Amino acid sequence: MYKILCLSLLVAAVAADQVDIKDCANHEIKKVMVPGCKGSEPCVIHRGTAFQLEAVFDANQNSNAAKIEIKATIDGVEIDVPGIDNNLCHFMKCPLVKGQEYDIKYTWNVPRIAPKSENVVVTVKLLGDNGVLACAIATHAKIRD
């Protein structure tokens, strides 16, 4: 009984950081996890702090290089997120092999000048040599101090 309880708590703790996303490609993304965020509850992004993102996806192409593109739509205005390292090979093994699963652990600092908002949509695209590797949209985010 004790082992089942411990296993259940471990599964719940791992699942608690998984974020609901809308796929904007061909369902290559298996899951997205952000510490402190869960499910469809709004994810609070704090200005001037490190933001961590983990994504698991299947490569839909062979690619020597990979890039990440992050855009935020804040109160209806889309902007490129500044200050990101867009070279995914710094965060995962390259080259990519079609059909293989990859796990990215990506961290960047949210600029202090980011506008506060209760209505933020974040779009993350992973790009390979031949176009989009994977794409996800998180529709429940807020930017606060």
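Quick reminder: no glycine exception, Cβ is built from N, Cα and C everywhere.
A quick note: this is a predicted structure, and the numbers were derived from the prediction, not measured.
For 1-16, the entry in Swiss-Prot reads signal peptide. Annotation comment: Swiss-Prot describes Cys24-Cys135, Cys37-Cys43, Cys89-Cys94 as disulfide bond, evidence class similarity to another entry.
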Cys24, Cys135 as disulfide-bonded residues, winner by CB count within 10 A: Cys135
Nearest recorded site to Cys89 (disulfide bond) by CA-CA distance, among disulfide-bonded residues Cys24, Cys37, Cys43, Cys135: Cys135
Number of other Cβ atoms within 10 Å of the Cβ of Cys94 (disulfide bond) across all protein chains: 16
Fewest Cβ neighbours within 10 Å, where candidates are the disulfide-bonded residues Cys37, Cys43, Cys89: Cys89
Spatial separation of Cys94 (disulfide bond) from Cys24 (disulfide bond) - C-alpha basis, Å: 23
Rounded inter-Cα distance in Å - Cys135 (disulfide bond), Cys43 (disulfide bond): 18
